[in-house]
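The domain 'Acyltransferase 3' annotation in TrEMBL covers 26-370. Taken from TrEMBL, the feature transmembrane segment applies to 31-51, 71-93, 105-126, 156-175, 196-219, 231-250, 262-280, 292-313, 325-347, 353-374.
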Amino acid sequence: MEGIMNRANTMPDAAAPMAARPPREHFWDTLRAVLMLLGIPYHVALSYMVGRQWIVKSGEGVTGFIELARFISLFRMPAFFLIAGYFAAMLLARRAPGTWLEGRFRRLAIPLVTSVIVLVPVMNWFCEISNLPFSQAVASWIDNSSKSGGYWVRHLWFIIVLLYFCCAIAALALWKRDFAQARLPQWADRLVGRHMVIALLMLATIVGLWEALAVEAFYIQGLNTNVIQEILRVDQAIIYAPWFAMGCFLQRSREAVARVTRYSHAVVVLASLAVVLAIITKEMVHPALFRFIETFAALMMTQLLISLAAHLFDRPIPAVQRFTAASFVIYLFHLPLICALVFAGQYVALPPLVKALAVMGLTLAISYGAWLLIERSKLLALLFDGGMRPAPVASAR
């Protein structure tokens, strides 16, 4: 990291006295949880698109849900991986790389395996039975289960990609002994802090070009295979690696993170323009060009969300903390529940919008109820949540 990050003059947080530690920044945990919970309206919107069919068949649609799904997809995962990088850099300033990585695998890999075995097959069954007669659904379920890697991964792909990034940054921290004290060079920190909008536009251009060209090369080389793409999700790793890296660099800065957490009218205007352009051009331009365009929307929206979260949630709120603690389990359960409820909704005579809202509410309630049960059992907590989770850890830079 030498040449990119400088060695700080202070000791890492782990060596500092408790009284000297900066106050906890609650909003990072809250925003990460909100992004995970947004999977519920996102996947329900996909289930009720007008004139489109997703993995589960609703047989009806709601006007505007295509645009809603596109809007959420623009920023949800980019912002999530940026925050994941922020947390990784922060915790590796306090913990040994091996210890931290072991904890990551326990908290991510165990629930991944459990969900693949327990939840995904059930979800796939509801997808099949919503589209096909019973006998054909059984045959299709068995056939896809034995052949399709993506059939098993489904909504859990982000865990696989996150584990890649965790391994990479842990290896870097192990290789660079001064990683815990490394910081962004002062000139770069000051540049971002004082000229944030320009810095965001420059970053969006660089990352947008990377996503447009690197992902396109991935497909041109024919790497979109059952193993490389559907199981290993290498294309997703290519897309989100810059976002994870941005989060790491952001955590190791002072002026930049202080500026990013402040609201900007200019960013709101740019975000609005970029979002509208991305939604309108989704099916009008080449996929590589669209990836370039959507990067601007994603980065502007991410800064806007961080600033709003810092303003609204930078204090302990008990109800919010409960949903923050439950968000990972809610995410694991939400898509199987959505598929089951959408299938059941085929037999309920209600307007599509009412059904969709009911599916959202029931999914949140049932998955939260599942977490309430899971947290009361050490075994279930280990299987679905990697063990009892500690209190939120986000602290100031």
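The backbone N, Cα and C atoms fix where each Cβ goes, and this holds for glycine too.
Counting only same-chain residues 6+ beyond the ends of the transmembrane segment (105-126), those with a CB under 8 A from a CB of the stretch are 56, 137, 141, 144-145, 151-154, 156, 159-160, 162-163, 166, 328, 332-333, 335-336, 339-340, 342-343, 382-387, 389. Remark: the transmembrane segment (231-250) makes no contact with the transmembrane segment (353-374), by the rule of 3 or more CB pairs under 8 A.
The transmembrane segment (71-93) is in contact with the transmembrane segment (292-313), judged by 3+ CB-CB distances under 8 Å for residue pairs 6 or more apart in sequence.
If you take every residue in the domain 'Acyltransferase 3' (26-370) and average the pLDDT, you get 96. Below 8 A, the CB atoms of the transmembrane segment (325-347) and the transmembrane segment (31-51) form 3+ pairs separated by six or more positions in the chain. By the count of Cβ pairs under 8 Å, the stretch nearest in packing to the transmembrane segment (353-374) among 31-51, 156-175, 196-219 is 31-51. Same-chain residues lying 6+ beyond the ends of the transmembrane segment (31-51) with a Cβ under 8 Å from its Cβ atoms: 58, 60-63, 65-66, 68-69, 72-73, 76-77, 79-80, 83-84, 87, 155, 305-306, 309, 313, 320, 323-324, 327-328, 330-331, 334-335, 338-339, 342, 352, 355-356, 359-360, 363-364.
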